[in-house]
Amino acid sequence: MSSEKHLETIGDAAAEKQYEATGEKVPIEKESRLDELGVNDAGAIPKGTIDPVYEAKARVLNHAIQEIGMGWYQWQLFIVVGFGWANDNLWPIVTSLILTPIVNEFHPSRPPLLSLAQNIGLLIGAIFWGFGTDVFGRRHAFNATLGITGVFGMIAAGSPNFAAIGTFAALWSFGVGGNLPVDSAVFLEFLPGTHQYLLTILSIDWAIAQVVATLIAWPLLGNLTCQEKAKICTKSDNMGWRYFVIVMGGISIIEFIVRFGFFTVFESPKFWMGKGNDEEAVRIVHEVARRNGKTSELRVEDLRSLGEIHGIHQGESAATAAIQRRLEKVNLSHVKALFATRTLALSTSLIMAVWAFIGLGYPLYNAFLPYIQNLKGAQFGDGSTYLTYRNSLIIAVLGVPGAILGGILVEIPRFGRKGTLAVSTILTGVFLYCSTTAVTSAALLGWNCAFNFFSNIMYAVLYGYTPEIFPTKDRGTGNALTATANRVFGIMAPIVAMFANLNTAAPVYTSGALFIVAGLLVAILPFETQGKASL
């Protein structure tokens, strides 16, 4: 596009006259440019939060993606991003399912250390990949997380002892921990604002992953591992769990191959724009438009005319500046804003406590569920590993309708998000207590099915309600605070389990109490978001 045409597009008469007289362009107020370009949306991040030039350019890119609309590229991306959602739940379930045969074979003094290793890997992975995407890009991380998970999952099958399997669990969890931070960024940055609800729909992959894992575990772990009553458990008699992690690792590798070999994941336009490479950002927007059978009117001049991002020049390496921008976003002003008033402080504190208690309560019970089922089954006289994993499959299947029902209940008048979340969380704890009354395996299975059903309702609502109660300008910080509380307390779960003794009902009582307290805290949250636009 010529400079004359550019000025005509921008529509600044004074600048055009000076150009005619001197041949030099002059800066034009950014907001005027954005208005003339038709970019009227404020964007997800409010003005003044980040570098103003970066913000202005991001708004232009958002507008371009919105004009392209939802098309073939985004629907393909929806599918491959779903792999990340599935793996986020698949591998913690794997750790849970293989605990019993691993304990039977290696006889560790502290079995919960396996879950501890996993949770440490998840925390480190979330931190590394979440920050790293701003340095080396979304595309490489998007592919690498699945590859790392699959490779270390398959290698874990050769573990000669408990320490080795714990190490590999931490390593595969390092990959798993990056799935949601990376995949959500990739998806959102190509998604029109009108279709951001699809990020919530992806949760169905999370629920289905549990069904897939337990469906495969049933024959492998049920028939090819040592029985609980076996006095000696050798490697040759206990190969089922090794075959299982090979299959799970193979699934992740296949997903990696599909992403890497059969689907072209473009680097985020915003990432290239942030590096000062406006040409590449525009090229990708046009390529996405072409894939969708559309055209885009975005031009390089539309971005360049807004100026240069502080500390970045066209084409230069942006690693240092990217880190600086990321660190600039993490400042106490956003934390203080979430505690600025008594009501906001109460809301923020309560939702963090809810996430923390659930972060401790859920893995404290669910991560050791097959192990607890096996012990109870042995007491009932039918504790075969086959029945243990058959029951795990039944429990997993009941979670899928729970996630769907949660989306329906939140729209009931005068019940809404708070009512659904409070009731489902409390009932999750209640049914855990009920499980301690079981005197048969069938009764234990029934209580556990109810637990999983209501816990899936709980999570479905929690993931949607949490960001709604934070103001837009501080939503990222609010989500970070709740996620940190959840992960840190998740690491505490296996530590508590070690001292509580899994051979007793103590972990169940502790977990149930945490859910009930969390549900009561939800009931006193000050904000109900049903039918209201988030601020």
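Yeah, the Cβs are placed from backbone N, Cα and C, and that goes for glycine too.
Fair warning: this is a prediction, and the values are worked out from it, not measured in the lab.
Noted in TrEMBL for the protein shown:
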{"type": "DOMAIN", "residues": "77-530", "note": "domain 'Major facilitator superfamily (MFS) profile'"}
{"type": "TRANSMEM", "residues": "113-131", "note": "transmembrane segment"}
{"type": "TRANSMEM", "residues": "151-176", "note": "transmembrane segment"}
{"type": "TRANSMEM", "residues": "197-221", "note": "transmembrane segment"}
{"type": "TRANSMEM", "residues": "241-266", "note": "transmembrane segment"}
{"type": "TRANSMEM", "residues": "344-365", "note": "transmembrane segment"}
{"type": "TRANSMEM", "residues": "393-412", "note": "transmembrane segment"}
{"type": "TRANSMEM", "residues": "419-439", "note": "transmembrane segment"}
{"type": "TRANSMEM", "residues": "506-527", "note": "transmembrane segment"}
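The stretch with the most CB contacts under 8 Å to the transmembrane segment (197-221), chosen from 113-131, 151-176, 241-266, 393-412, 506-527, is 393-412. If one looks beyond the transmembrane segment (151-176) by at least 6 residues along the same chain, the residues whose Cβ comes under 8 Å of a Cβ in the stretch are 87-88, 91-92, 94-95, 98, 102, 106, 108, 113-114, 116-122, 124-125, 128, 144-145, 242-243, 245-246, 248-250, 252-253. For the domain 'Major facilitator superfamily (MFS) profile' (77-530), the mean pLDDT of the prediction comes to 82. Between the transmembrane segment (419-439) and the stretches 113-131, 241-266, 344-365, 393-412, 506-527, Cβ pairs under 8 Å are most numerous for 506-527.
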